[in-house]
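The following features are taken from Swiss-Prot:
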COMPBIAS  1-22  compositional bias 'Low complexity'
MOD_RES   MET1  N-acetylmethionine
REGION    1-30  region 'Disordered'
CROSSLNK  LYS30  SUMO2 cross-link
SITE      TYR184  site 'Interaction with 5' end of substrate DNA'
SITE      TRP303  site 'Interaction with 5' end of substrate DNA'
SITE      PHE321  site 'Interaction with 5' end of substrate DNA'
SITE      HIS355  site 'Interaction with 5' end of substrate DNA'
Amino acid sequence: MASGSSSDAAESAEPAAAPAAAETEEDQVKRRRLQSLGFALVTSCDTTVASTFLSENNWQTKKALSAFFEQPENDLARPHQPPTSSKSEDYVDLTNEDANDTTILETSPSGTPLEDSSTISFITWNIDGLDGCNLPERARGVCSCLALYSPDVVFLQEVIPSYCAYLRKRARTYNIITGNEEGYFTAILLKKGRVKFKGQEIIPFPNTKMMRNLLCVNVSLGGNEFCLMTSHLESTRKHSAERINQLKTVFQKMQEATDSTTVIFAGDTNLRDQEVIKCGGLPDNVFDAWEFLGKPKHCRYTWDTKANDNLRIPAACKHRFDRIFFRAEEGHLIPQSLDLIGLERLDCGRFPSDHWGLLCTLNVVL
């Protein structure tokens, strides 16, 4: 069951000197990134250009759009298309061949049948595709983690089209199912020969302001039926009410699966513990993997601006945004370990994402 006291206390103490300012800074960064994405989608420009117009117009979208469309066509100082060196998700071709790129996943395409092992593993990770800075190197960093850990399933959030194309080319031993094809979206990767795809469903969140939904994928693992789910719930404290409604939808969908189906949800929930309490807590038959394992401190915070400076937020904020929920017949699925990944800086000096990834291993008891 969800326990709010310890996490709430930790959140209220971060940072101790000025919690209000820290939260405002955090929300502002996320809001502006989403605002830049929306501007880019409307204007078909790069998000770096979008951010420039918005910042020069005090982040007033209508004013920025007017400035963009009213600029002279020969104004070379403000190209609609970024220069070829721009590190933008819309224009950096992540699929280009690179002779030095060793991140192609070359494990056996047939995989190892689950019947030979009672352990499954998966990664859940918000890979921050909306950040165009150093995107090719960060994408290679993510693929390096996939190659290193070779999980059976990967749950991803904040995937963009060019990033998805890169994954399809580099992660050849995985089938990739996405929650959308435009803007930014979620994806679930299934190891070929190990996880058999049976079907998918996308559940819309009707009141989302951020293009969010719930991606459900039905699979077979060693003869056992699984329903795998991922989502990127509404961001920032301002949208707490919508986030709680989305969480209720997740729990409702988890309950709809047949009793013999094991359900795993893993994703970026953006949750604060008090919101789980406001939602009524976890259903009696749904468990939080981190809590099940005794709330290990080493993997508590998946979004930590003090340890991870990708966003360059001055204040220190840390949250357990990325969570894993599971529902299984009693004793049939037992979490064994949970660890953070993506903790090492890349050559560019940044991390693969502003979120740490979670690597989870579980025992399947037949």
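Cβ coordinates are placed from backbone N, Cα and C, and glycine is handled just like the others.
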Practice problem: Find the one among the recorded positions LYS30, TYR184, TRP303, HIS355 whose C-alpha lies closest to that of PHE321 (site 'Interaction with 5' end of substrate DNA'). | Solution: TRP303
Quiz item: Taking only the recorded positions LYS30, TRP303, HIS355, which one has a CA atom nearest to the CA atom of TYR184 (site 'Interaction with 5' end of substrate DNA')?
Solution: LYS30
Quiz item: Which residues does LYS30 (SUMO2 cross-link) neighbour through Cβ under 8 Å, counting only same-chain ones at least six apart?
Solution: SER235, THR236
Quiz item: How many whole Å apart are the CA atoms of TRP303 (site 'Interaction with 5' end of substrate DNA') and HIS355 (site 'Interaction with 5' end of substrate DNA')?
Solution: 5
Quiz item: Counting all other Cβ atoms within 10 Å across every protein chain shown, which of the recorded sites TYR184, TRP303, PHE321 scores highest?
Solution: TYR184
